[in-house]
Amino acid sequence: MLSKLASLQTIAALRRGVHTSVASATSVATKKTEQGPPSSEYIFERESKYGAHNYHPLPVALERGKGIYMWDVEGRQYFDFLSAYGAVSQGHCHPKIIDAMKSQVDKLTLTSRAFYNNVLGEYEEYITKLFNYNKVLPMNTGVEAGETACKLARRWGYTVKGIQKYKAKIVFADGNFWGRTLSAISSSTDPTSYDGFGPFMPGFETIPYNDLPALERALQDPNVAAFMVEPIQGEAGVIVPDPGYLTGVRELCTRHQVLFIADEIQTGLARTGRWLAVDHENVRPDMVLLGKALSGGLYPVSAVLCDDEIMLTIKPGEHGSTYGGNPLGCRIAIAALEVLEEENLAENADKMGAILRKELMKLPSDVVTSVRGKGLLNAIVIRETKDCDAWKVCLRLRDNGLLAKPTHGDIIRLAPPLVIKEDEIRESVEIINKTILSF
């Protein structure tokens with residue numbers, strides 16, 4: 001009875017957040033009828049009834065996307081300023097990536113790694129040469145890449161650095177986010193992620209982000225095998241470290257024989273105006289994690305890049321994935337990377353991001369207290385009042401034709417697809433400005 005009441009309360013809350021036009025058009029449509037396709041309200045109610053309540057989506061029911069735009073089931077068009085957390089950097093349904101997927105799906109989709117396939121090696125050669133690493137280990141999701149990096153770091157710590165077996169430590173930064181598996185939440189400092197899910201993975205330690213003295217103290221422990229860090233913290237609210245931080249990380253890790261692992265799942269692949277966010281300081285990590293835009297949003301593909309000294313510490317049978325390195329995912333990833341190259345999307349992200357931040361800085365400071373970011377990974381901080389907070393701003397942005405999502409309470413991440421043009425940036429800023437001025 002209590003769970004039913006909670007479900008009804010959730011549905012009621014969703015209804016209150018929907019477009020007034022949606023609510024009026026569908027107020028009596030609590031189930032699909034023969035008169036037409038499902039309404040937004042029907043879709044909200046069905047998900048609430050049959051799906052786990054582990055997400056709190058913005059109430060909009062989308063059915064298609066193209067480039068920088070998405071459309072809901074009622075046909076309303078929106079600017080996409082989330083890009084599926086950066087996964088659709090190449091734009092929704094990019095024709096080259098779609099064509100690559102179609103061409104492969106009729107030939108061969110999955111073999112497992114029990115056999116060779118004719119696409120994996122092509123992908124491996126391409127991505128390792130592109131990023132100048134000896135080897136790549138293909139996986140599917142971003143969190144799998146993180147898990148893989150942790151295993152590689154521990155094995156390297158034992159076989160190369162000489163750490164006593166099962167004593168290896170990995171250091172992370174406060175505010176990190178790389179997924180919601182038990183390993184990932186074991187490094188988290190966000191109670192929403194970890195509270196109630198212990199016991200946690202041993203051998204994980206955290207230090208303040210953007211704090212080189214704290215890192216130096218931590219690395220003096222001879223049992224530390226690696227420091228894993230986001231060049232810009234995405235989920236924490238697009239936290240950009242001080243200039244020189246990544247250079248300092250590289251120097252300290254080298255000095256203390258500790259692996260520098262760059263989590264570029266969200267920041268990499270042109271998002272910040274460079275191929276990798278670490279490229280802003282011209283540093284080379286020992287390991288790089290890639291995902292999200294590695295498939296252009298069509299298919300889960302992730303990767304760990306490193307050199308032989310690290311990668312070859314793992315032998316056959318010691319790590320793998322049924323789907324990792326499958327021919328369909330590899331063909332899609334090749335096309336997704338080619339789009340980034342051929343369309344100069346890192347350069348476009350750099351230019352469009354500068355324009356976006358310049359315009360966002362003009363927003364009234366009594367509502368928007370801060371603007372930060374690099375390339376097209378940006379955020380605004382909302383001054384919370386009784387009548388205004390980040391969630392309410394996002395609801396009103398939706399009503400005005402732009403989709404964004406709060407992160408960490410008062411922060412709104414603004415990360416459109418990298419194919420966005422200047423006139424589209426300026427039109428989007430007009431929507432943001434109109435929305436902010438309405439509070």
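Glycine residues also receive a Cβ, built from the backbone N, Cα and C atoms like all the rest.
Comparing LYS31, LYS49, LYS374 with the features listed in Swiss-Prot, the residue bearing the annotation N6-acetyllysine is LYS49. Swiss-Prot marks one residue of LYS96, LYS107 with the annotation N6-succinyllysine, and that residue is LYS107. What Swiss-Prot records as N6-acetyllysine, among LYS129, LYS421, is residue LYS421. Of all the modified residues listed (LYS107, LYS405), LYS107 has the fewest other CB atoms within 10 A of its CB. Reduced to three states, the DSSP call for LYS292 (N6-(pyridoxal phosphate)lysine) is helix. For the modified residues LYS49, LYS292, LYS362, LYS386, the greatest number of Cβ atoms within 10 Å around a candidate Cβ is found at LYS292. The most densely surrounded of the modified residues LYS102, LYS392 is LYS392 (count of other Cβ atoms within 10 A of its Cβ).
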